[in-house]
Amino acid sequence: MSQRTRNASFLTCLRHFHLDLHLNFALKRMTGWQVLELLPLQPGLQTLVLDTHPSLHIHSVDCKVPGGGGPDAVLPLTYRVEPFTDYGASLHVSLPASPPLRPHRAFQITVRYTTTDGPAIWWLDAELTCGRTRPLVFTQGHSVCNRSFFPCFDTPAVKSTYSATVRVPEGVTVLMSASRSAYSKQDRVFQFSMEFPVPAYLVALVAGDLQHADIGPRSRVWAEPCILTCAVSKLGGSVERWLGVAEGLFGPYVWGRYDIVFLPPSFPIVAMENPCLTFIISSILESQEFLLIDVIHEIAHGWFGNAVTNATWEEMWLSEGLATYAQRRITTEAYGEAFTCLETVFRLDALHRQMRLLGDNNPVSKLQAKFEQGVNPSSLMNLFTYEKGFCFVSYLSQLCGDIKRFDSFLRAYIEQFKFCSVVAQDLLDFFLGFFPDLKESCVAQREGLEFERWLNGCGPPLCEPDLSAGGVLTCPVQRLCEVWGGEDPDTKTIATFDLSAWSTFQTVLFLDRLLDRSPLPHEVMSHLSRCYSALLDGMNAEVQIRWLQIVVRNGFYPDLPRVRSFLHKHVSDGRVGLWYCRRGQNWFFKYLSLQTIK
């Protein structure tokens, strides 16, 4: 834990903060102020240290201290900004000695500032949006980017409520990850409030030409007009069903609303679980199954990650591993065990692929990853936090002997730690306390499967769940891979497999496994192209990107025009194909950048 986190956690308590911002699209600038309501926990507090960023320019800092019966004193404060790391800086504010700051008596700090194009804030010109008619701006705070949006305690250990006032030009709609909102058309002012405590990284804003449509009693879709109808058709009626299944498993959904906003292709990650308002990339609309999984995963974060949060980024699996487990419990209840097992096989294949690239002893494969002060926590964002974390949670559920008993444990865990930030020991101690019979049998020290080894051992998961229930979907994929594994694949046998009837996850699993076998003999590539190229052209981008990786990896020049067509569609006019990079395909674009594809 850094010095700034200790400052936030032990010397002061952040109770609430308010943002008052004016958005200037022409200058790509946010200007305004932030008011922090703080509570000293000890006497003699002299300095307040906040996280900030070089792109955020501080104009002034002042302090309002409660007086002795008279009006509160407003005092200008001295401050300095010190370099901290390549992803941010420290704002050191000297607090007043008189009147004294008294323990457990609130005071306010006001920071006036301007912020431009820092890592959290993405200004898009009109031509980079989906509709290409009006500009748009959005923020993305995970993991430690929001220090360029507003000065903050940029650690998941610190949670508070917040409110915001946002002033915009005419015709601009503003959304935030807030539980309440209001709009004054006459003043072009949006008001927001989040009544539940959240960490800084979950504060999010988007502003642009956005319209909405209700898709359930507590859900609506927001998007640019040109994609709104498509988004509604893909999700209409489903979100409320998924929320209901999740509530049956893990307890009430505490955030009130679950809205979704679809963002242009330059959104730097696939989806982000901002409370009350999931941000998701519009490209995902091409694939119904990936859309389903990603939205359900973000719904699961409403319990795991948002309500109960990892206290440090070194234990990100407490958010992502538990959310992945919860996502798969929801899909099992909603779509059956076979579908969930297929998706899990596909993801675990990707985990082992990453393991082969990194090596068994790479420290990033630890669930309790360790990094030095100043190292960007985003560097720990990898499949291990999701899939190795999922496998550990699955192992804990297996220890119970009954998955329903484990559901009960998770409900109790959420109720116990709701709106708190926790470490792994909190989860495991509560687990053993909830199941005293398991504690008495010393399951935490079971040889080869020790909890400590799960957390601090490098390499793949110590064990994986039984996925045989997915065999009805995965076995045909494996059989077809074996057919293509020979030097002279049998045409008649291949014809018995109808890829057009397969699900997206079956098809991408097949293509990923072919990619693992590459390079393939030229004759096999020619045969693959004759069988599948035309068919795959008509499928969604998740399928196409994998086939085109096989084309590039094998240097199969007859199909390079298909690569060119794909790039023109998805990366034209300055649009960034980060969706695919996020899914581990960045080598594909690096390779293509070296080619001459006219």
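Just so you know, glycine gets a Cβ as well, placed from its N, Cα and C.
Per TrEMBL, the features are as follows:
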type	residues	note
ACT_SITE	GLU298	active site, proton acceptor
ACT_SITE	TYR386	active site, proton donor
BINDING	HIS297, HIS301, GLU320	Zn(2+) binding site
DOMAIN	472-578	domain 'Peptidase M1 leukotriene A4 hydrolase/aminopeptidase C-terminal'
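Annotated features taken from TrEMBL, shown on the structure.
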{"residue": "HIS297", "record": "Zn(2+) binding site", "contacts (Cβ under 8 Å, 6+ apart)": "ALA271, GLU273, ALA323, THR324, GLN327"}
{"residue": "GLU298", "record": "active site, proton acceptor", "contacts (Cβ under 8 Å, 6+ apart)": "ALA271, MET272, GLU273, THR278, ILE280"}
{"residue": "HIS301", "record": "Zn(2+) binding site", "contacts (Cβ under 8 Å, 6+ apart)": "GLU273, SER319, ALA323"}
{"residue": "GLU320", "record": "Zn(2+) binding site", "contacts (Cβ under 8 Å, 6+ apart)": "GLY305, THR385, TYR386, GLY389"}
(Q) Considering every residue in the domain 'Peptidase M1 leukotriene A4 hydrolase/aminopeptidase C-terminal' (472-578), what is the mean pLDDT value? (A) 90
Q: Enter the number of other CB atoms within 10 angstroms of the CB of TYR386 (active site, proton donor).
A: 23
Q. Per DSSP, what is the residue tally for the domain 'Peptidase M1 leukotriene A4 hydrolase/aminopeptidase C-terminal' (472-578) in helix, strand and coil?
A. 82 helix, 0 strand, 25 coil
Q) Quick one: which residues besides HIS297, HIS301, GLU320 have a Cβ within 8 Å of the Zn(2+) site's Cβ centroid, in sequence order? A) GLU273, GLU298, ALA300, PHE304, GLY305, SER319, ALA323, THR324, ALA326, GLN327, TYR386
